[in-house]
Structure formats: C-alpha cells, structure tokens
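Beneath this line is the structure, given in structure tokens, with notes to follow.
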Amino acid sequence: MKAAHGPFAGRALRAAPFLLGEILSTASSTAPPVTRPPRASRQPRRRTPLPRLPASRSPTTGQGRFLVLLVTLVAATPVVLALAVSLGAVRLPVGEVWSSVLAHTAAGLGGSEPRTGVNDQIIWQVRVPRVLLGFVVGAGLAVAGATLQAVVRNPLADPYVLGVSSGAGLAAVAALTLGGAGWPARLGVSGAAFAGGLLTLGAVLVLGRNGGRVDPGRLLLAGVALGYLLQAATSYLQLRVSSNQLAHLLFWLLGTVSGADWQKLGLPAAVVGVCTGWLVLRGRALNALLLGDDLAASAGVAVSRLRTELLVVTALLTGAVIAVAGGVQFVGLVAPHCVRLIVGADHRRLLPLSALLGGNFLVLADLAARTVSMPLELPLTVVTAVVGVPFFLVLLRRGTPAGTP
C-alpha cells in the first residue's frame, strides 16, 4: 500500500506550493482593501455631566410650561372663587355675586354705602370669607408639602407625616376637655392648635438630630413615631368629652372651614403670604437639597441651618392653617406632584404654582363637601381623599413622577 501510493503523494507535495500561491493571490485580488479610519473621525469620550434636577428640561421648554400653567391658574382662580360663592343651599347668579363683592369693596374704601339685602349678607358675610379661607388653607398646605418633600427628600412627606397635625389636634382636644384649666384652654381651640403644632415640631427637631445636624431619615422617623403617640393621647382625651363636643371635635379633626369669618381670615392669610414669599426666595437652596447634602454643602449651602430654618417656617405655615381649618389632608401631597409633572422640580416655579393649584383644589373640595349631600356637610378630608387616593394609585402605576425628590 505504501509503495502503490508513493508517486501520487510525491506529486501532491510538489504541487502544494503552487496551489497555495494561487489561492493567496486570488484572495488578495478579490478581497476589498482594509483601511483604518482616520484619527479625526473617531468619537471622543464624553465626560459624565454633573447631576441635575431629575426633571430638568431645556430652559425654554420649562419656562414655557411654567408661563402656560401660571396664566391658566391665575385666570381660573376668580372663576373658581365666583362659582364657589354662587353655589350652595341658596343658589345665586354669578353676576349678582360680582356685583355684591364690588359694592362691598367700594363701601369698604369709603365710596358708597354697603348693601344690606339678604343675598348680600349671604355673599359677603358667609360665603366670601369661607371661600377665601379655603383658598388660603389650600395654598399653605400645598407650599408646606412641597417644602417638606425637599427637606427630607421623600415624595410622601407632608405636615402630617412629621406629626405637626397630630400635635395641633391633641392641643385642640385638650382645650375642649380641660375646661378653663391649663394653657390650651386659655388659648382657645385655634390658639392651642397653633401652639401644639409648633411644640410638636420642636420635639421632632430635637429627636431628628444626629451628631449636631438634622438628619432627614431620623427626622422622618421621629415625626412618624411622635405622631402615633400624639394620636393615641388624642383618642384617650376624646373619651372625656360630651357627645356634642365629640361630634364637633371629630369634624374639626377631619378638616372644615365652616366657621370662617373675616376675623379668622387675616392672620392665616398674612402668614401664608409671608412664608410662601420667603420660601420662593430660598428656591435655589431648596433645589440644592434635592441633590444631596454633600453636593449642597460643596455649593456653599449651610445644609443643617437651612433645613432647620425651612422646618420652622413650615411649622408656622402649617400651624396657622390647621388652627383655623383642622386636619385637612392630601392637599400637601396632590398639588406639588401635579405641578412637578408639568414644570419639573425647580422650587422657584414649583412653590407659587403649588400654592395656586392647592388653593383652587381646596375651594372646589369645600364646594363639593357642602353641596354633595345637602343639608349635611362632609369633612374636607373625605372629599380630598376621594381625589388623592386614586391620584396616587395612578402615579404608582406609572412609576415615580418626574422631579420627585
């Protein structure tokens, strides 16, 4: 076998170099030439930019959306207020409402005599103070909620999470149950609620400190724990009041502006206006808090001092509105989130728009509370929860809203 195949093997070995050369030459002639791209066409590496606010868009787009929403809310506010004044147990034409308001305003400026008709008394002495107080309370709660969400960097933070509402409720219950004894009774329900909210926030600030600085996580946990403790004390004191007092107290704890008058409107309106203006001026610092304490400190922000100032201002804001309207919930959560979805997380835009939206929202909620089941009147939290709970279920389905802390 070896001798028989020898000649063929020899010929194959002698022909191999020739065949290999033909294959290589054919491949080199048919294959396209390989060229390296010039250095100038290579893409340079991009550096990772510094972190920005989660919902930051181009300045033109953000400013345009802000202006559109601002004009819309400003134009809608007088319409909503007039509608809320005209509707109720006694329905009044919108034209008569504006005529009565203008006449009483002119009389207050010394231009004419005030009107004394029945409808004029309903409009000016009952409904206008109630509607304006509802707007002020809604604006204050919305601004407080937006601020606290930045302070503790938690999208679910609001005045009630930090225990301010629980402290105000306990002080109000104490004012009713203690009779004439003790400082809550001497201050009255509204004054006791205001003082109780401030004292509660002071305790939360003390418990929320870690190493001499306010820690957002400890602050939130301290507020939740103290809130539950104060709610337990409130439930205990409710057992000591009469049935008539208990009904009034429970209604107040769920929020109402049914006792509004011109005397109760001045102080909360002044507090909400001043505090909102101060917070808008601190909008850049609030934006820095969203990026974290380290980045905010590197930008020159005194983080611990700023957080303490913001909490004190928020406590004043919350205490002033809770003292006259009770425990209205969900406004401080719904309004800021709705505004963030449209204009982003810049607090220079977020805070004034949240105030307008929160005010209109609570005016409409109060309108529904007194007209849905007439002659009975619903607490405000019953109506705001009907809107707030589905809203957050939708947000949960869609994911975290843009610009959320």
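Every residue gets a Cβ built from N, Cα and C, even glycine.
For reference, TrEMBL has these:
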REGION    29-59  region 'Disordered'
TRANSMEM  66-90  transmembrane segment
TRANSMEM  131-152  transmembrane segment
TRANSMEM  159-181  transmembrane segment
TRANSMEM  187-207  transmembrane segment
TRANSMEM  219-239  transmembrane segment
TRANSMEM  269-290  transmembrane segment
TRANSMEM  310-338  transmembrane segment
TRANSMEM  378-396  transmembrane segment
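Between the transmembrane segment (159-181) and the transmembrane segment (269-290), the number of CB pairs under 8 angstroms, six or more residues apart, is fewer than three, so the stretches are not in contact. The transmembrane segment (269-290) shares more Cβ pairs under 8 Å with 131-152 than with any other stretch in the list 66-90, 131-152, 187-207. Taking pairs at least six residues apart, the transmembrane segment (131-152) and the transmembrane segment (66-90) share three or more Cβ pairs below 8 Å and count as touching. Tertiary proximity for the transmembrane segment (219-239) is limited to same-chain residues at least six positions away from its ends with a CB under 8 Å from its CB atoms, namely 151-152, 154, 157, 160-167, 169-170, 173-174, 177, 200, 203-205, 207-208, 246, 249-250, 253, 311.
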